[in-house]
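One structure is given below, encoded as structure tokens.
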Amino acid sequence: MKIAILSRDGTLYSCKRLREAAMRRGHLVEILDPLSCYMNINPAASSIHYKGRRLPHYDAVIPRIGSAITFYGTAALRQFELLGSYPLNESVAITRARDKLRSLQLLARQGIDLPITGIAHSPDDTSDLIKMVGGAPLVVKLVEGTQGIGVVLAETRQAAESVIDAFRGLNAHILVQEYIAEAKGCDIRCLVVGNEVVAAIERCAKAGDFRSNLHRGGVASIATITPRERDIAIKAAQTLGLDVAGVDILRAARGPLVMEVNASPGLEGIEKTTGVDIAGRMIQWIERHATPEFCLKIGG
């Protein structure tokens, strides 16, 4: 097969691993910067061009689209989809997952347990917002934040009001969540491929922090997950329409709670911790689904 990887930086670990895994299985691979793609949208002959040339047909496209380029990155991916390429995560699913409010609404509608969450845009009644999620301590987030950026733990009501007021000055959308103290600064990252959790790690925050993101200095170890955690991770990914997802779960006293679903999970931390060839599993999924029948169904 001919496979395109959409990424701004082909030297990143995840891109290199996906390229290696695909080539090892005999596929042709090209890494394309989605921001350098430009499109001819034409009912007679739509096409995608890249750095002065018209791109050929790709059997499959692997999107590694960062949150900062979601709009144009998913637009480029849609063009590949319209031309019959199989997407490992559809553009609509990526857009859905990147909208934190929309994704939480969909997960809640499906009965998936979440931390108690409130969301507002520059709330005038800060005290009621805090009360709505059960009071302090609580976590205040910028809706547009990633990798632990724009996330603050407010341990008292006064601190929570100060943080919310500060975020209000940014004219930003604010997400307020209950703080799960019993998780002790740890979460479980489940890597879902299709209908299976192929690997799971526990991520714990460094001393003095509560954010478990590996980019923020968190420490990872192999996790043994329960059947319920496995089922919740798979259901969360499927609810958002994702074939590949990183599902972050908090272990609360009342049971596992889904904190976030990542549409473009990094592979480095989880592969190096578990030793699982996740990139290979992703390529195998493509091999099973990027079939001639798929291209005919789409119209490619």
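The backbone N, Cα and C atoms fix where each Cβ goes, glycine too.
Among the features that Swiss-Prot reports, ATP binding site is placed at Lys141, Glu178, Tyr179, Asp187, Arg211, Ser212, Asn213, with the record citing sequence analysis. The Mg(2+) 1 binding site feature in Swiss-Prot is assigned to Asp248, Glu260. Residues or ranges marked as Mn(2+) 1 binding site in Swiss-Prot (evidence: sequence analysis): Asp248, Glu260. Among the features that Swiss-Prot reports, Mg(2+) 2 binding site is placed at Glu260, Asn262. Taken from Swiss-Prot, the feature Mn(2+) 2 binding site covers Glu260, Asn262. Residues annotated as domain 'ATP-grasp' in Swiss-Prot, with sequence analysis given as evidence: 104-287.
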Cβ-Cβ neighbours of Asn262 (Mg(2+) 2 binding site) (radius 10 Å): 20
Number of other Cβ atoms within 10 Å of the Cβ of Glu260 (Mg(2+) 1 binding site) across all protein chains: 21
Per-residue Cβ crowding (10 Å cut-off), top of binding-site residues Glu178, Asp187, Asp248: Asp187
Neighbouring C-beta atoms (10 Å sphere around the C-beta of Lys141 (ATP binding site)): 23
Top Cα neighbour of Lys141 (ATP binding site) in the set of binding-site residues Asp248, Glu260, Asn262: Glu260
Integer Cα-Cα distance in angstrom, Glu178 (ATP binding site) to Asp248 (Mg(2+) 1 binding site): 16
Top Cα neighbour of Asp187 (ATP binding site) in the set of binding-site residues Asp248, Glu260, Asn262: Asp248
Around the Cβ of Tyr179 (ATP binding site), the count of other Cβ atoms that are within 10 Å: 19
C-alpha spacing of Asn262 (Mg(2+) 2 binding site) relative to Asp248 (Mg(2+) 1 binding site), in angstrom: 8
DSSP three-state assignment for Asn262 (Mg(2+) 2 binding site): strand
Residue pair Asn262 (Mg(2+) 2 binding site), Tyr179 (ATP binding site) - Cα distance, angstrom, rounded: 20
Predicted model, mean pLDDT over the domain 'ATP-grasp' (104-287): 89
Inter-residue C-alpha distance, Glu260 (Mg(2+) 1 binding site) and Tyr179 (ATP binding site) (nearest angstrom): 14
